[in-house]
Structure formats: C-alpha cells, structure tokens
Amino acid sequence: MGKTSKDKRDIYYRLAKEEGWRARSAFKLLQINEEHDIFSGVTRAVDLCAAPGSWSQVLTKKLHENTKNIDKVKIVAVDLQVMAALPGVIQIQGDITKLSTANSIIKEFQGNKADLVVCDGAPDVTGLHDIDEYVQSQLLLAALNIATHVLKDGGVFVAKIFRGKDVTLLYSQLKQFFEFVTVSKPRSSRNSSIEAFVVCQNYKPPEGYVPNMVNPLLDHQYCDFNQFTGVNRFIVPFNACGDLSAYDSDKSYPLLLDGQTSYEYKEPVQGPINPPYKDVLEKTKNLQL
Ligand code: SAM
C-alpha cells in the first residue's frame, strides 16, 4: 500500500491529520453536536473510552468556548489504555465496567456532577456478530451505569451503540433514565459499520433509583440481586397454572393408573429425525464400535 492510499480512501482520516485531531472519530462527535447541540452550557464532562483522545480534544475546544473561566472547565477521560497527555484533561486509566472507576471519576468532580458523559467504547471485534453486539451492549450498559453515578439531573449522555437485532431492548433501558433518546449516525461513520450513537437528553432517573454497577457481565455476581430494593428491584409476576388435580411432573406414577386394568407400551408419535447419536447407534448395530 502506498503512503497516500489511506488518505485517498478515507477522507476523514486525512482531514483529522490536517486539522490536528488524534483520530477521525472527532468528526463523529462534532457532527452529532451539529444535529443535537450537546455542548450547550456544558463545562463538566466525562469522556469514557477516550484513547487516543480525539473526543477529549473536541470537548476541550467546545467547553472552553462555553466559559471564559478556565477553572470552571473539568474534563475527565477514562480508558483501559494509556493515553498521551492533553492539557486540562484529567486522565484515569481504568475499566469502565468497574465500580472503582466510577468512584475515581466521582472523586475528581469533588461533589459536583457532570453535565455530559460521552462514550465511544468499542471492544476488540471478533467478527462473530452476535458476540460483538453483545459485548458492545455490555460496554454501553457499563457507561450508562457510570453516567447514573456522575451525571446531573437534566444531563446528556452520548454513547456508541451497535444497531443489532436486540437493540430495541437497549433503547428501552435508556428510556428509563432519559426523557429523549435518539439514535444518530454521523456522516463520518462508515455506512458499512453497524455503529451509531445514542443521544440521550434530560437525565431523569426513576424516583428512588440507587446507582449501581451490577448490569455488566464482568462484575456480575448472582448473589448481588437481593441487595436491590424499591424501584431498583423489579419483581416479575410468577404464575403457576394447571389444576391441582393434574399429574405432578416431578413425581413417579405406577404403570397402571387409577381405573386402568391393563398397560400397553406405545412408540413415540414422532421420534427425532436425525439425532446426533444416530451414527453411533448404526455403528454399534454393525459391530463397528
Ligand atoms: N473516542 C476515542 C477518540 O476519539 O480518540 C476513540 C475510542 S476507541 C474507538 C475505543 C476505546 O475504547 C479504546 O481506546 C479502548 O481501549 C477503549 N475501551 C474498550 N473497553 C474499555 C473498558 N472496558 N474500559 C475502558 N476503556 C475501554
């Protein structure tokens, strides 16, 4: 590949270098803002999954446009990877699925809350679409959980989402916490990619909601469930059906049931068509095994 072939192939890659952005992703956040005005009045922001740092660069530019007082601007960037320093950006090297990371962010805000949380997190893609979508959704839920710890009421949350087949479930989960949930596909995001961005506005958690980090798989322990109370604990109605006089499926019964005087064995109505053990049975019959 020639030195300029990527520049020819990817206009945003080229523009990022020309304009001094660390990654072409900067244009995604800028284009989301053109549509949704996400930086309006924002002076405190969290950039989750921030490396190499182009979204933090955009935040630095936009937040400083909002106030002349540089002390009012606070940007906290988090990533698993080490990120080269950016003036005015506090960096935390950590995993966004961990409560300890949420706590480190809270500490940096010293009792204040963030106006905006953004997350461009992407796991290493395996190429197995179902797995990639699932892991991405776990990352999104981790980012949402962090947002519930640090975001002010009325705040904005923007995060990468894979528009896979189960995406509506994620939209409904986000809708529990935000008045407006929109999906945005910036022009700088390739059409061939299933990535898009959820733009969630007006943070309004359910009354009594206690932020937690339990949703993501990585930290999950089944015994954790019982610690939830109030609106945090959704109890699904359970219903046992069938008359009490019906047979109990866990019990053994004699071959002759009440009122019967003889028993006749009957073949199953439809046996398995091609069971995995068929081959072994054939070979056993022919004494090959
Ligand atoms: N927005 C960035 C920018 O503009 O430079 C690009 C982000 S890059 C597409 C995705 C990042 O997600 C990677 O740097 C990766 O290390 C990070 N990441 C993935 N899983 C993470 C996790 N569990 N915690 C923190 N960061 C994570």
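A Cβ is built for glycine as well, from the same backbone N, Cα and C atoms used for every other residue.
Among the candidates Asp120, Asp124, Asp130, the residue that TrEMBL annotates alongside Gly53, Trp55, Asp79, Asp95 as binding S-adenosyl-L-methionine is Asp120.
Here the domain 'Ribosomal RNA methyltransferase FtsJ' (21-203) returns a mean pLDDT of 94 for the predicted model. Rounded to a whole number, the C-alpha distance linking Asp95 (S-adenosyl-L-methionine binding site) with Lys160 (active site, proton acceptor) is 16 angstrom.
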